[in-house]
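Heads up, the thing below is written out as structure tokens.
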Amino acid sequence: MVSKNTTDKKKNQSIGKVIQVLGSVVDVKFSENSIPKIYDALIVDNNGKKLVLEVEQNIGDEIVRTIAMGPTEGLKRGLDVINTNSPITAPTGMEVLGRMFNVLGDPIDEKPDLDVKREPIHKDAPKYEELVTTTEILETGIKVIDLMIPFTKGGKVGLFGGAGVGKTILIQELINNIAKAHNGVSVFAGVGERTREGNDLYHEFIEAGVLNKTCLVFGQMNEPPGARMRVALTGLTIAEYFRDQKNMDVLLFIDNIFRFTQAGSEVSALLGRMPSAVGYQPTLSTEMGSLQERITSTKNGSITSVQAVYVPADDLTDPAPATTFTHLDARIVLDRSIASLGIYPAVDPLASSSRVLDPEIVGQEHYDIALRVQIALQKYQDLQSIIAILGMDELSEEDKLIVQRARKIRNFLSQSFFVGEKFTGRPGVFVKVNDTVRSFKSILDGEVDYIPETYFLYSSIIDDVIEKYNKDKDK
């Protein structure tokens, strides 16, 4: 949808004609004095349906090249195209909470349209003097994240993993925990993912009672590349309103940032640009930067972002995930080998990292325990090849103890999720950071060496492990 301020003023609108349609790319010719600006939204009536085009290039001779935000089937040469003199706009205001929109800010939840102020989706990043750096830790209630990969309010977290290792369910759990524990507002941008997942997410939010704290924006994988490329900006514009106008701390979830890059690659090819490395667009870094630089903390409030990053063929050196890395404060890497052991969330604590795992930010004890956990898991990984060839019996007593504790730590990093209750039958748990640190300290100090490793799987805190063991022992 476009701004009412512009659509109502006929005298400011210029009319062009469709002269060429190439898939999602539409060329439009205007008169000499009325050529639209880059990123202006144009409207064409396509068999009774409003189709929005976004200007991407001025190719000379009064012709602009545009990308369609919807299907172009049925579009004919010679059709009238109206220039709105405004970019695509997104709805803003508290009224958007509990609602679901498409890339144009039109409701897709079968509820009435909203009569609210709209903001253009293309904006400059906040100026340097408006920025603020905060080091306030955001407690997620997920043990492996709070202990090993803590992140701050206003930080950016990347969620890396291949297909089917649990990225989306981890995002759902974070939304659930933040809404319930911090009374926070979330904006979820579904970028180029499955429609079924969006539908499931919407109904799960209703069941969990967190929909009224969330706004959902979707551009699914069946939609044209223009919609998939711009939907992240629509979600970000809505989040910016809560930060800048309401002085709130907002959570922006993007699932999946790779699809943003992928859509940009498709658009780039359609526009005739020469591809860069591995076939990606030559403007990859610029496009990513223009999105990521707007996701930041200002003196008004903060936008904390969690971005799921699909890693093609599990290759972290691929240009799409590699470009995303440069903007992140923390990265959570999900590993298929951990998922295959039945341990969820399948976070790899050794491949994951956070710049805020620092004694001055999280405290000395937390930092020391996290470091000891990393060392134990690294030693276990180093010993695995020996165990595979010679077996556990060939290890020294000291190494056997390291392996036993590391396996308990590995199992204890698993956790039951609220959003997974109906699939697993296990009730979800929110674990406080202090309980997490205390529990892992007990394992590392050898206080629970007598308890077999199976008791640590899907236990919330160390007290639960001891209680379960004692209950079975008394039988």
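Our numbering is plain: 1 for the first residue shown, then up by one each step along the chain.
The backbone N, Cα and C atoms fix where each Cβ goes, glycine too.
What Swiss-Prot says about this one:
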BINDING   G161, G162, A163, G164, V165, G166, K167, T168  ATP binding site
Please work out which residue of A163, V165 has the most C-beta neighbours within 10 angstroms of its C-beta, and give that one of the binding-site residues. V165
Mind checking which of G161, G162, G166 has the fewest other CB atoms within 10 A of its CB? They're the binding-site residues. G162
Reduced to three states, what secondary structure does DSSP give A163 (ATP binding site)? coil
An 8 Å radius from the center of the G161, G162, A163, G164, V165, G166, K167, T168 Cβ atoms defines the neighbourhood of the ATP site; name the other residues of that chain inside it, in order. Y310, L334
Reduce the DSSP letter at T168 (ATP binding site) to three states and note it down. helix
Sequence-ordered list of residues in the chain of G164 (ATP binding site) that lie 6 or more positions away and have a Cβ within less than 8 Å of its Cβ, or none, is none
